[in-house]
Amino acid sequence: MSTAETAGTGTARTAAPVTVRVPAKVNVQLAVGGLRPDGFHDLANVFLAVGLYDEVTATATAPGEGPRVTCSGPDTDQVPLDRTNLAVRAADALAARYGIVPDVHLHIGKEIPVAGGMAGGSADAAGALLACDALWGTGASREELLEICAELGSDVPFSLVGGAALGRGRGELLTPLEVGGVFHWVFAVAAGGLSTPAVYRECDRLREARGGGAGADAVPAPEASPALLAALRAGDAALLAGHLSNDLQPAAVSLLPSLDDTLAVGTEAGALAALVSGSGPTCAFLAEDAAAASDVAFALRASGVCRTAHTATSPAPGATVVRPAG
Ligand code: C5P
């Protein structure tokens, strides 16, 4: 009997719980092309994984009890605890592929801001996938896991691989990138979240209002900036600061104008550069070193423009099994 069959018959109940740690991401460049017929946008998305982590623990339950999900951490009242949760969808997708009954309890320990533009939901999906793969002993290949990730969401493949990567297509087609040093960041977490589809819609609306149109015929094809990639390779924060860009930033600020104040506070406190992270509303500040990052975080917390501020470094490893230790 194969391991997958063993899991399917329920004997996996005796398997030890598996915990996977998954990083958040910041987009150091997010170039958004025109609206595609499928409702997505072509991207040149330069992902950098940062050391803020969610932990997903998969525990086998009695037959017929799963899948179920619980969540702990700040703002978790905004996390759905039904089958629409991306972590549950990941477990369901893997189970369906291997003919396993997904009797599993997923617990998400959240540190990544919820609906914050830092791929928290995607991290939980990648974490659940890897944790269930280990719990059930499916032995899925990296390619298979990446395929399931891409079905679950545009940012999920990157959450699995971490490090730094250029995401093409809708963000799911990854090319690893070289990073030549450690970057120091501060993340200002807003009191609420922003809906990613709403921010993309606002981006289209602003483009149309400017008279240019929002379709692929009207918007230039997105391209990664060679200067930005060179700054990453060099590990040079001052150089990188001059090339950070996010085409979704005007849309996020249009929906939440107070983000301009947040960006200004961090910049005045000495950040090398500031930008909205992905679709926001988390704001990201690049700092020269750890001491500068801690000053920026202190100023942001004291100013009242955000709910809290975290410091973190990048790059960070992708989804990793942390318990049981490998
Ligand atoms: O892929 P994901 O489910 O994370 O995308 C959420 C939403 O964000 C999509 O439904 C779409 O509205 C928007 N999106 C987009 N273009 C992308 C990625 C996401 O328009 N490349």
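The first residue you see is number 1, and the count goes up from there.
Every residue, even glycine, has its Cβ placed from backbone N, Cα and C.
The Cβ of LYS25 (active site) has 31 other Cβ atoms within 10 Å, all protein chains considered. TrEMBL lists LYS25 (among others) with the feature active site.
This prediction places the mean pLDDT of the domain 'GHMP kinase N-terminal' (85-163) at 97. According to TrEMBL, the domain 'GHMP kinase N-terminal' annotation covers 85-163.
What TrEMBL records for PRO113, VAL114, ALA115, GLY116, GLY117, MET118, ALA119, GLY120, GLY121, SER122, ALA123 is ATP binding site. Cβ neighbours within 10 Å of GLY121 (ATP binding site), excluding its own Cβ and spanning all shown chains: 26.
Annotation source TrEMBL lists active site at ASP155 (among others). Within 10 Å of the C-beta atom of ASP155 (active site) sit 27 other C-beta atoms, taking all shown protein chains into account.
Residues or ranges marked as domain 'GHMP kinase C-terminal' by TrEMBL: 229-304.
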Q. Can you tell me how the residues of the domain 'GHMP kinase N-terminal' (85-163) break down into helix, strand and coil by DSSP?
A. 47 helix, 7 strand, 25 coil
Q) Hey, of the binding-site residues listed (ALA115, ALA119, ALA123), which one tops the CB count within 10 A? A) ALA123
Q. Which residue counts does DSSP yield for the domain 'GHMP kinase C-terminal' (229-304) in the helix, strand and coil classes, in that order?
A. 42 helix, 11 strand, 23 coil
**Q.** Candidate with sparsest Cβ neighbourhood (10 Å radius) among PRO113, GLY117, the listed binding-site residues
**A.** PRO113
